[in-house]
Amino acid sequence: MGSSSPCPSAASTSNSATPSPSPATPPSLSAKNFASTFSNNCSAFPFERSPTSDRSLPGRFRSSPHGLMANSILTAPIPASAATAKNPSNRAFQNAFFRRMGDTQQFRLLFDHLPDIGFFAKDAEGRFVAFTPHLQRLSGCTTEEEYLGRDDSIMHTPLTTATIRQDDLKVMRTGQPLINRVEFLFNSGPGSGWYCTTKLPIFDSEKHIIGLMGVVKPFTGALGTLPEYANLEAALRLIETHYAESIPTDKLASATGCSARQLNRRFQKAFNMSLQDFIAHRRIQAAMEALHGSATLADIASQHGFSDQSHLTRQMRKLTGMTPGQVRRRLATPG
């Protein structure tokens, strides 16, 4: 899923199979040291780590020489090497622990239980190999299996799919993470809106990039963790409640305590689009949600800020690559 601020403009990038690129000096990230990279990049995700010691855990969950044990009361003492390490953050100590791990998907399972945060992983051709419950709810699918082996076009509109693929290829080509990208994702099903996305490349044991993984969170939930957007929050709230109306730019500027020109520059910097384009995206988002129902296109246009049905059709095709009729037909035959 993918666009930190600023996000790139949509491009008609091909979604064809792409050979696995290999950067000159990539950060090491193989299946075996996924856990280490996850820990190192945790600051990029909108949640905090807990420093809780395993001594605070109930007896049946404390460390043992053989790892974390459940459903049995342990009588063996905690190994001195783990409990009294002089520097528990030392990289060697960390690596020694992760080498003892078995299935590296243990970390991935954590995302199944984090509300509003979705985890995904794709191969070099953009096909999903992991898709957690939060993303399943946003996309409208029932199970992860429905998405395995398929690309973003199963969920997103054509232009959004092209933009995502463009970002994915850049991450895999350069080996550099994409951190906290704020982007508007148009889904052909439910869940269209602004999201905050982080992506990292995945390396195999030979240091060749074989895909990428990422986390995505609704932008409204990420506002509190992205200070650069704090000075836009008043305007964003006002747009959310009045997007179907003609909102004077001066009124939005006054709400944020700046001039109209300054406000437009802030939107351009934060979202890579003008204030008016931002409002247009919100109107199309609402119109696409309305297409799930039985309202006529003329009614949808008048209720969501468009002058008429033709205006709605032109704007939807421009921003999503699909007409209202095409969106409705796709909703009727998902997948």
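Cβ atoms here come from the backbone N, Cα and C positions, even for glycine.
Now, the feature entries from TrEMBL:
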- 1-19: compositional bias 'Low complexity' (COMPBIAS)
- 1-32: region 'Disordered' (REGION)
- 233-330: domain 'HTH araC/xylS-type' (DOMAIN)
Overall pLDDT for the domain 'HTH araC/xylS-type' (233-330), taken as the rounded mean: 92
DSSP helix/strand/coil residue counts for the domain 'HTH araC/xylS-type' (233-330): 72 helix, 0 strand, 26 coil
